Amino acid sequence: MSSFTFKPGDTVALMSCSDGLPPEERPRIEALTGCLQAFGLQVEEARTLMRTSSFFSGTPQERADELNRLFADARIAAIFDVSGGDSANQILPLLDYEQIRAGSKPLFGLSDLSSVLNAIAARSGVRTYHYRTMNLVGAYAERQREEFYRTFFEELPDLYNFDFEFLRGEDLDGDVVGGNLRCLLKLAGTPYWPDFSGKVLLLESLGGGANRIVSLLAQLSQTGAFERCSGLLLGTFTELERQGEFGLVRDYLLELTQGSGIPIVKSSRIGHGEDAKCIVIG
């Protein structure tokens, strides 16, 4: 359940911690801005949102400075990262985790932002939100907007409720860490690697067939994560499922975790889908 709600007049910020948005994304940003304004929110664009002369919206230092500034700015009620790609982990050593703890406001993001969401939750203790705000102007916009409003304005759990099935076990409960499998693994061996002890480990992926996903799961297993976590929450594995190969990975994962016997849940409503729900990290 969310520990915060918006009220009309609150200001939210849009930014890109990962690759900057290309010019052709400007109409979608305008549509998202209009949607948030219709909720009664004021919208501010970060200085690091759109691409400059390269893939990036700024140098790693500029992006980190902007995120630090937004956390320090008492006017800003929440930060919606709308980027994706590959470069979010560049900013991790440059973030002011004490300031982020003091500012203690929601940061929303998905995909490559998994590195930032988990680093902030681990280093500052601030809960973050695994959710793509662009879903509000996506293929399921009407339902997403309704669930977003009911959750973050009326304190109802709509955006957190999702259908699932157990692949093993019958009970799974606890705080969540993780997110995109590939991007989470960028934290391995760094000071930002989460403590999985007693946590539910969320895993999802956009790209990758069975060979790539199996390789990434093997690496994750070798970190000891499966021995420490209390269970797995599997979201969508978009390319894998499109190729009809999820069964191969499911069987491998069941075998890989046989020793610990942890419960495993699968949901089609967590991940990169435009109908995806929100998961709180931390």
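Keep in mind that glycine also has a Cβ here, set from the backbone N, Cα and C atoms.
Those TrEMBL annotations? Automatic predictions, nothing curated.
Listed features, source TrEMBL:
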type	residues	note
DOMAIN	12-130	domain 'LD-carboxypeptidase N-terminal'
ACT_SITE	Ser111	active site, nucleophile
DOMAIN	174-282	domain 'LD-carboxypeptidase C-terminal'
ACT_SITE	Glu204	active site, charge relay system
ACT_SITE	His272	active site, charge relay system
Between His272 (active site, charge relay system) and Glu204 (active site, charge relay system), what is the CA-CA distance rounded to a whole number of Å?
8
What's the CA-CA gap between the residue listed as 'active site, nucleophile' and Glu204 (active site, charge relay system) in angstrom, rounded?
9
Tally every other Cβ atom lying within 10 Å of the Cβ atom of His272 (active site, charge relay system).
20
